[in-house]
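K.L.:
Encoded as C-alpha cells, here's the structure I'll be asking about.
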Amino acid sequence: MAKTQCPLVFSLLALALIGTLQSSAAQCQNSNQFLGSLEITGKYRKAVVSIHNYYRNLTAAGEAGEYYKQPPAENMLQLTWDDDAASKAVELANTCVFGHDGAKDKDDKPMGQNIALKMSSTQSDVNKSYDEWMTGMVKDWFDEVKDYSFGSGFSSGTGHYTQIVWANTSKVGCGYSYYKEGTWYAGYLVCNYKPPGNWYGQDPYIQGNVNCEKHNLGRSKNYNNLCVTKRKKKNNKSGSTQRTNFQEK
C-alpha cells in the first residue's frame, strides 16, 4: 500500500473470555517482523496506571456515560501496578499474535485481560507509538460505556469497559510490543487485571456514593472517589494491630 500524507490508522480490540491462544516469551510466533518491546517503567507505567484510575474515578463519581448514565460507586478500588501481571502481559504482546492466552498469575489464578491493536501505514518506533497510541487504546476500551446499561450483566460488547471499572480489581500490569505485519506497523497493548472482573451474574461495583469505610477500605488520597485497601500494622509496644491505608506510590 502506498504511503500518503495522511497515514492510514486503524484499531482492533478483543476481550478475554472469547477464546484463548497459547503464549510464550518468544518474539513473534508468526511471520510478523518484531521491531521492539517496551519496558513499561517510569513515566510509561505511571501513564497507563493513571489513565485507568482516571476512568475508574470518573465512573465512581457517577460521571461516566451519556445515553446510559452510569451510577456512582461505593467501593471502587484505586489500581496499582503488578509486576507479575505485567510480565505475563509482555509474554503475550511479544508473540505478535492478537488473541487471548487465558492469562494466569504466578499462583495459577486467572487474571482479567484486555488487548488492543493499532496499526498504521507509517513507521514509528516502540516508544513513540506507545506515547501516541496507549491513551487512545485504553479510551477505546472505556468508550464501550456508551452501550452499557448498569445491571444488564456481562456482554462481550461492553466487557472491556466493565473490566476497567470492576470495583474489586486492584492490580494492573501491561505489556506493549511494536512489529510489522505485511505493509502495516502495529502496536499491541496487553493489560492483565488482578483479581479478574466480568463475573457472570455480578455487577461491576456496588451502586451508591463513595463509602469506603462501609466496605472496610480507606479513602484514596489521589482520587476523590476511589478507595484503597488497608494494611495491618503491628504496634510493637502493645502487640495490638492497627490498620493503615495503602496508597499508590
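Glycine is no exception: its Cβ is also placed from the backbone N, Cα and C atoms.
According to Swiss-Prot:
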type     : residues : note
DOMAIN   : 50-193   : domain 'SCP'
CARBOHYD : Asn57    : N-linked glycosylation site
CARBOHYD : Asn127   : N-linked glycosylation site
CARBOHYD : Asn168   : N-linked glycosylation site
SIGNAL   : 1-26     : signal peptide
K.L.:
Validating a neighbour-count step here. Other CB atoms within 10 A of the CB of Asn168 (N-linked glycosylation site): how many?
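P.N.:
Looking across every protein chain shown, the total is 17.
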K.L.:
Give me the DSSP three-state residue breakdown of the domain 'SCP' (50-193), ordered helix, strand, coil.
P.N.:
50 helix, 36 strand, 58 coil
K.L.:
Please work out which residue of Asn57, Asn127 has the most C-beta neighbours within 10 angstroms of its C-beta, and give that one of the glycosylation sites.
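P.N.:
Per the Cβ count, the most surrounded site is Asn57.
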K.L.:
To the nearest Å, how far is the Cα of Asn127 (N-linked glycosylation site) from the Cα of Asn168 (N-linked glycosylation site)?
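P.N.:
Spelling it out, the Cα of Asn127 (N-linked glycosylation site) and the Cα of Asn168 (N-linked glycosylation site) are 31 Å apart.
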K.L.:
Pop the Cα-Cα gap between Asn57 (N-linked glycosylation site) and Asn168 (N-linked glycosylation site) into the table, whole Å please.
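P.N.:
Cα-Cα, rounded: 14 Å.
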